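Enquirer: Here it is: the structure, laid out below.
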Amino acid sequence: MQLLKHFKELTVRLKNVEELKGLILQLALQGKLTANWREENPDIEPASELLNRIQKEKEELIREKKLKKEKLLPEISINETSYKLPNTWHWCRLQNIIKISSGKGLTSANMDKSGKVPVYGGNGITGYHNIGNVIKPTIVIGRVGFYCGSIHLTEKNAWVTDNAFITYYSEDNISRDFLLLLLSGTNLKEDENATAQPVISGRKVYPIVVSLPPLEEQKEIVNVVETLFKEVEQLEQLTVKRITLKEDFVTSALNQLTTNNANQEWTFLQEHFKSFFNETTNIKKLRETVLQLAVQGKLTADWRANNPEVEDASILLKRIQEEKVQLIKEKKIKKEKALPKITNEEIPYKLPDGWVWCRFYEIANIASNLVQPEGYLDYPHIAPNVIEKNNGILLPFKTIREDKVISYKHLFKPGHILYSKIRPNLNKLVKVDFEGLCSADMYPIDSYIFQDYLFLFMLSKEFLRQSVKNDTRVAMPKINQTELNKVIISIPPLEEQKAIVQKVNALMGLCDALEQEIQQSQAHSEQLMQSCLREVFEGERKMEEV
């Protein structure tokens, strides 16, 4: 049986836990978990005898006028059964083994809040009262609304409201705990009208066909299911603990990378990559750390050692300033308002030799160019909603015409970085190699340094930290041009900028490969689960190689 063969493997992923419990329950209710028990107990009274006794009990109650005569339902047809039963089991309708009646209305306002008697509605306990209307643990079924069909067991003394049904059954012939499993594993609202308020009734519940095992096997099924459920829960706890410990360790290790000896920590992590980075959340943290290491110069220490004669970034910055002066003279860009010099308090980390700190406006220009959209109807229209957060990926977009744009938009050019000033905590930006219009809530940015380096800096946690720290707007967080221009950026020499981008691209490729392995592992787990589902609902079947 595939389920039991791959039991532990299926519980490695938290998503599978509830599905796995559902499969266990379905297998149990088909008699597939107690086959060995039946071989060891061949002389057990068949379920047909239980049904005969239950029917006689009901007839006696009808004679005593304690129970109304039920409407006779048709014999069960072959089309109503979906699998072969063990020899001692019997198909029956729920009407043959249970009777349901509505609880009694009790509003919250009428509850005695000082009482200790639990009040049960469609989804379990809804409050407390001073008296009850059931005097022993009772199975209740949600009757109406979202929770109709949900199953609960009350405490010994409880009140059941009219949002639930009280379930009656022959306690000498049906195990209460088995009946709980049977009702939980049965779709009691299968024929409900999806367009109306969900509601179930005896008319809908009584005709449902279920399989009934002998009484002693009912008890064995309960034992087996409880044992397997406990194992699933233990494995789930171990999975949660494993993931939590791994995430804590990865977080600590990655933090060490950005604060201590990067080479030493990186070597250690590389040796354990497959073990540590097999959860999507850890890959995300790895990507963030790669960017942070890049803008700190910790990915290119070897490159600097091999290239000691590279032109200092301060010379690059001076040359950029000269170019900007010329562009201002030619009226190609506007002169920016001078901002204060960078203070020691602003500097978040020490830079390698040859690097410099500068403000955003010193190496980039916000190229605002608002235009009426009428003259650009077939141009691409880029808005924040077509950019993924934190990764610079552009999603499918439409034209100005298709989006029916009527308000002013920025005209952007190939080579611009488009940055969303709305909700800077989402860090939405993208590089473009085409002309188009972007939302007025975005800044088209010209880079005077290597564009790919500026782009990855803007994706880094350091840029994000600075872009959100001064924003106190709660309703609509936004970063204005002055705040953006104040952001300080670590600038390496031009050739090192290119080396950094190359290194980051290689490491992001590694992250992509790790994510693909995770997806393949998840797909394998899903295939196993689907194979088990087929086995349960379509009969025994050999699993295909996955």
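Even glycines carry a Cβ here, placed using N, Cα and C.
Annotations in TrEMBL come from automatic prediction, not curation.
Taken from TrEMBL, the feature coiled coil covers 44-71, 310-337, 504-531. The feature domain 'Type I restriction modification DNA specificity' is assigned by TrEMBL to 86-234, 374-520.
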Enquirer: Across the whole of the domain 'Type I restriction modification DNA specificity' (86-234), what does the mean pLDDT come to? Round it, please.
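Expert: Looking only at the domain 'Type I restriction modification DNA specificity' (86-234), pLDDT averages out to 90.
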Enquirer: Checking distant contacts: for the coiled coil (310-337), what same-chain residues at least six beyond its ends satisfy Cβ-Cβ under 8 A?
Expert: 304, 354-356, 358, 361-363, 365, 367, 446, 448-449, 482, 485, 491-496
Enquirer: List the helix, strand and coil residue totals of the domain 'Type I restriction modification DNA specificity' (86-234) as derived from DSSP.
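Expert: In the domain 'Type I restriction modification DNA specificity' (86-234), the DSSP-based counts are 40 helix, 43 strand, 66 coil.
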